[in-house]
Amino acid sequence: MFWKFDLHTSSHLDTLLEREDLSLPELLDEEDVLQECKVVNRKLLDFLLQPPHLQAMVAWVTQEPPDSGEERLRYKYPSVACEILTSDVPQINDALGADESLLNRLYGFLQSTGSLNPLLASFFSKVMGILINRKTDQLVSFLRKKDDFVDLLLQHIGTSAIMDLLLRLLTCVERPQLRQDVVNWLNEEKIVQRLIEQIHPSKDENQHSNASQSLCDIIRLSREQMIQVQDSPEPDQLLATLEKQETIEQLLSNMFEGEQSQSVIVSGIQVLLTLLEPRRPRSESVTVNSFFSSVDGQLELLAQGALESTVSSVGALHALRPRLSCFHQLLLEPPKLEPLQMTWGMLAPPLGNTRLHVVKLLASALSANDAALTHELLALDVPNTMLDLFFHYVFNNFLHAQVEGCVSTMLSLGPPPDSSPETPIQNPVVKHLLQQCRLVERILTSWEENDRVQCAGGPRKGYMGHLTRVAGALVQNTEKGPNAEQLRQLLKELPSEQQEQWEAFVSGPLAETNKKNMVDLVNTHHLHSSSDDEDDRLKEFNFPEEAVLQQAFMDFQMQRMTSAFIDHFGFNDEEFGEQEESVNAPFDKTANITFSLNADDENPNANLLEICYKDRIQQFDDDEEEEDEEEAQGSGESDGEDGAWQGSQLARGARLGQPPGVRSGGSTDSEDEEEEDEEEEEDEEGIGCAARGGATPLSYPSPGPQPPGPSWTATFDPVPTDAPTSPRVSGEEELHTGPPAPQGPLSVPQGLPTQSLASPPARDALQLRSQDPTPPSAPQEATEGSKVTEPSAPCQALVSIGDLQATFHGIRSAPSSSDSATRDPSTSVPASGAHQPPQTTEGEKSPEPLGLPQSQSAQALTPPPIPNGSAPEGPASPGSQ
């Protein structure tokens, strides 16, 4: 993408390319020449694609520079030229593939008589590989014209880069038909037979190993190709040639005839092991259901693959059988090796790579379960020899792994395929292991010897882990397996003393060791999958019961944790700003989450719910009481009865811890700040009204439309009761006596003179607030000659809190007879027929209620003279003016 979208910085190559005397070495010295080539710089490509420059780059890649040359000429220029030629630029690929002279110059590199330079060989192989991949037709047709191409490849097969070129020729051809043509061409050139000829004692070790690796890669690639391409027109000719018995016999002859070479034996065994490898099942048999099937089903698929491999490698098995004695002799008489000094002592003679590969080959031959081959191996007593090596080389874990796998396979092998199912015969391999090899006796003796050495302070035997698994395989196949009945019978045939020792060993040391080995070293925490990750297609598979139980427990755990998180991390409105002192406190609470399901445990939120419930009920009670008072006003209650209503308000406020006149309910800091700001504005407006004189009317319509409602309730801000009252602004202070002025919804006492409030409001008039304003259209009743009017707002007189409280105390001390006669003693609510408050006349404007500071209330309002009773001094009501 970096090159595609031209995200590189600008280069000065364009300026350099404008020079007429620019040389190719000078251009290759630039650091960004490769980047500019990959982004298809037109000027640069035009310069590089000139025939002299292309020939020079091919010469750098294929011709070895002089030893006395500069380092740039020997290493830098060939490396940069190879990168440019293999940069996969279409113009360069076309130029190389279309010019046969350049291809001949490249091909000339293989015609060198001596050994090839490994660095130049890698450059040559890389350039040829990109041409095989991009210009397949041109290059294949060019190579097929060369009669000595295969001979030259085999001549330089000792160079790893040439071996890679042969593999590129087999793998980089994408079109199936063209690849089949290449395979047939190489098979006609007898590439397989010629590679086997390279595995000969007369060749060097590099040729042995590279030729063997080439044959192994051909086998694996051909089998892989057969699996991927089901409808191939014809079988792979190279693989068919390799699996022929004649080809394997030629390989075995090179290994054992004449002077034996360890390199030849090891290289030949690698080819034989590749031929005996079990094949993978075909792609059509590997479905989703088989992938999610049980372990037994997967083992059956593997067994089928091994069976197919045995059938397809019949030629190899037949060719191998006459040479088994030669391989067994290698185990008994290994090639001469020098003793090795190990950390635990002297090893003489070492096992060696040759005998290790022989053990691998014989174990693979036993796993093939071929009757003739197995009979020959048992006749040579190969399993017993392998067990001798197992216990002799105490610390060779490579050998221990091979012998353990071989013994476990022999114990679980079924009857040979050619045996009759009606009359199954005894498995000769199992009988050979327990009788000729004395497997049980060897296990018991080695275990006791290891215990004795460890008790003396010596090291533990290196094969003890593998020996434990061999003993476990024997016990498992005795309990369940194709040879279970035969194994139980063979164990019963053991001496009685040995039977008792085996039973004690199985129930004692072996059971304890297996119990220790089954403990998980790391406890894995499975992640819970969300519901979005669930797939209905996976529900049809039967997962193990442990996984189902684990998932159920995790679901239960997540449910409990979710409820705990909600309980601990939630905040009420009042507590949201009061976070815990420690930031980690909510997370510390999660550590205390338990999974207790005790039904008797009380929920910590129960008390909180009860408090919130009572608070809500109390608010509803307040609303109902206010509605009762409003109905009482509409039915004609008196001023004295309003005082009793205010008393109930004071009592309820004391119960709730709130000042009188404030409704029950939570308030926020923002509301308190708004009230303080409005009070400051009212102070300024009240001072302006007082400066103009006391005759200024203080009641006027509210500035906006009022919501509908039958009545309204006045609210007063909390004011200290001992605050002194201020004199009137006009300087005149009238002292009156009479019934006390009521608190709460105030009305002008009956029989007192009233003043019309129809004058328009002043510009700087005081803005009054109302909690429950009454709409202008609400009709009100008038008593004793007053007519019914529809004022725009309810009428309200404003007095100071201190005077009202003093008046209220006067009522408590000297109640009037008329008040007591008209009040219901049980509810303190005015009874029916009581004096109704006077209503406003036509044109009157009723002010909205407002809780003013005490000083402003005293200056603006004075109570009217009351004819009866002796009440304390207080400000006059506006109705008396």
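A Cβ is built for glycine as well, from the same backbone N, Cα and C atoms used for every other residue.
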If you check Swiss-Prot for phosphoserine, which of SER531, SER664, SER870 comes up?
SER531
Which candidate in SER202, SER635, SER667 appears in Swiss-Prot with the annotation phosphoserine?
SER635
Based on the annotations in Swiss-Prot, which residue of THR310, THR524, THR715, THR807 is described as phosphothreonine?
THR524
Mean pLDDT for the region 'Interaction with PPP6C' (10-403), rounded to an integer?
86
